[in-house]
Amino acid sequence: MAEKFESLMNIHGFDLGSRYMDLKPLGCGGNGLVFSAVDNDCDKRVAIKKIVLTDPQSVKHALREIKIIRRLDHDNIVKVFEILGPSGSQLTDDVGSLTELNSVYIVQEYMETDLANVLEQGPLLEEHARLFMYQLLRGLKYIHSANVLHRDLKPANLFINTEDLVLKIGDFGLARIMDPHYSHKGHLSEGLVTKWYRSPRLLLSPNNYTKAIDMWAAGCIFAEMLTGKTLFAGAHELEQMQLILESIPVVHEEDRQELLSVIPVYIRNDMTEPHKPLTQLLPGISREALDFLEQILTFSPMDRLTAEEALSHPYMSIYSFPMDEPISSHPFHIEDEVDDILLMDETHSHIYNWERYHDCQFSEHDWPVHNNFDIDEVQLDPRALSDVTDEEEVQVDPRKYLDGDREKYLEDPAFDTNYSTEPCWQYSDHHENKYCDLECGHTCNYKTRSSSYLDNLVWRESEVNHYYEPKLIIDLSNWKEQSKEKSDKKGKSKCERNGLVKAQIALEEASQQLAGKEREKNQGFDFDSFIAGTIQLSSQHEPTDVVDKLNDLNSSVSQLELKSLISKSVSQEKQEKGMANLAQLEALYQSSWDSQFVNGGEDCFFINQFCEVRKDEQVEKENTYTSYLDKFFSRKEDTEMLETEPVEDGKLGERGHEEGFLNNSGEFLFNKQLESIGIPQFHSPVGSPLKSIQATLTPSAMKSSPQIPHQTYSSILKHLN
């Protein structure tokens, strides 16, 4: 166990000393690897997130996350226990000490699962979805009151304990502080929210957004809980916007004009009536739930409900209790930002670039949309910053095929292919988003030196080239079809390469062969070969010893039936099979049986009626064979056990001439004269002729089997012996 633990620690570089044991990987967070481990001090399982500090940018993100999660304390937020350095060392409160470390460990609360795993099993009941949505809004109300944006809300970052149905928000690796008194335009990172949960404003202005982006993501998550599938699952940002416009109405004219300047091919004169409203995307939900969702998924962030307003909606009235929905008592402000601390130089801080509003009462919705460029110059870069890395999901930017990289983007050394990216953060005119693009280029499946989405695009002739030009639309359509064909071909090749179909067929054949061998092993008697052998033997001369054995066997059977304490030598199943074959034997000689009665009091019945039971089943299963002779014939027992009482002999004498009667136990005692069915009288060893065959039958469900000619009885005995 110790060797396995040390190996796992060495592979993933976990260095926490001997305090934490039983490491198990959980996944990757926004900026680190997450493991679960058992804390030996308290014997409790915790989640540990490792953040590698390789450059100033990673240090800044780590410090930002640590500052945020240390201050956030809420029932619906994953709790953080402590922050550790290498070898499990305790970190000081001096945030500048992070610059001297190569890694940091965040020990936090362990949760059973996440919402993404739950939704893989299918949609939730509306009541469960409403309960989880209430807890999500309750946590968002606290987070936003602390002037924090999560910026990466998705089902995988919402953790759940299934026992008490408690939901908690986690993974603040992409969260940041945003003081509403300051304009953060141009200083916000781009494309951080997972593509399927990005709001329309985030798609149009990726570096100018507000807390409303978290509310849009929450609405998409609520719809996903109700349907079990992603609400807007676009392959790239252009398709993502198209899917949104098909279901979300555009009410304000200024929003429609902005869209008209970006993607006019999708814009109509009247955008208030979408083609596929939410009622079609979410059939079966209640009217209150639909109204609640429509007020969250609005195109304009100014019309969107805040977390506090959503909690006051009538749909949440059964859970909402404002006195139990706390807000942060110590919110973050502009001085809590970390850029100046990390860069260790006041000249490198971006605080001096921020503009202080004269009226600090402005809300987040009152920020100007555009500041440095006209609205007509807005371009939409159809990049898909997907979390997956498969070749099928890689999105191609049509502009990459144009000549001259430097003609497409700003003349800035940060985007020069020959320019080293490492020292770029030292320049005073460096923008943090450019370095972020360079750093995460390998994860977003795109060119490593793409510029900002909208405001940093400069085209060759300094003219606005909208995304509705024919060549670009055709390129995007062709790419989509080709990627679909490639996906189909690749899926087939993988299936053939992995041998899934062949393996499945081989497994089925092996199962069938094993079942066949098992049947051959368990079957007690092959009736086909037996019949063939008996027919061949029937033509041979009957030896004397066989006749003697038949007489002895007949006598033994008649005496065994009179001994009530002797257990039956065959199972109930063989008795049923014997009854069926006897019924067929009687049917063969129907003429001699038609007038025979069974004397059994009130329970008597015609024996020909008894033999016709399940006759229809004989037609359906005429090829079914059973070994019924085990019932009619058994070996002779020890003479000491065959003694009978005189009373029973008397009864037997009284009924000796009867062909059949019912005893008290419901069994049918059969006594058939051999001469009536054409079997010759054999002589017993004592010289007395054998004139009858006796057997015991139990009325029950019978199965049919082929008839055997009476001439083969002696050969059958030979086979049994």
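Using N, Cα and C of the backbone, Cβ positions are placed for all residues, glycine too.
Quick caveat, the model's predicted, so the values are computed rather than measured.
As recorded in Swiss-Prot, the features of this protein are as follows:
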| type | residues | note |
| --- | --- | --- |
| CROSSLNK | Met1 | ubiquitin cross-link |
| DOMAIN | 20-316 | domain 'Protein kinase' |
| BINDING | Leu26, Gly27, Cys28, Gly29, Gly30, Asn31, Gly32, Leu33, Val34, Lys49 | ATP binding site |
| ACT_SITE | Asp152 | active site, proton acceptor |
| MOD_RES | Ser189 | phosphoserine |
| MOTIF | 332-337 | motif 'FRIEDE motif' |
| MOD_RES | Ser386 | phosphoserine |
| MOD_RES | Ser452 | phosphoserine |
| MOD_RES | Ser556 | phosphoserine |
| MOD_RES | Ser558 | phosphoserine |
| MOD_RES | Ser665 | phosphoserine |
| MOD_RES | Ser684 | phosphoserine |
| REGION | 701-721 | region 'Disordered' |
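Distance between Cα atoms for Val34 (ATP binding site) and the residue listed as 'active site, proton acceptor': 16 Å, as a whole number. Broken down with DSSP, the motif 'FRIEDE motif' (332-337) shows 3 helix, 0 strand, 3 coil. For the pair formed by Cys28 (ATP binding site) and Asp152 (active site, proton acceptor), distance between Cα atoms is given as 13 Å, rounded to the nearest Å. Distance from the CA of Asp152 (active site, proton acceptor) to the CA of Gly32 (ATP binding site) is 14 Å. Looking at the domain 'Protein kinase' (20-316) alone, the prediction's average pLDDT is 87. Distance noted between the C-alpha atoms of Leu26 (ATP binding site) and the residue listed as 'active site, proton acceptor' is 18 Å. In the structure as shown, the Cβ atom of Cys28 (ATP binding site) sits within 10 Å of 14 other Cβ atoms.
All protein chains shown were included, and the count of other CB atoms within 10 Å of the CB of the residue listed as 'active site, proton acceptor' stands at 20.
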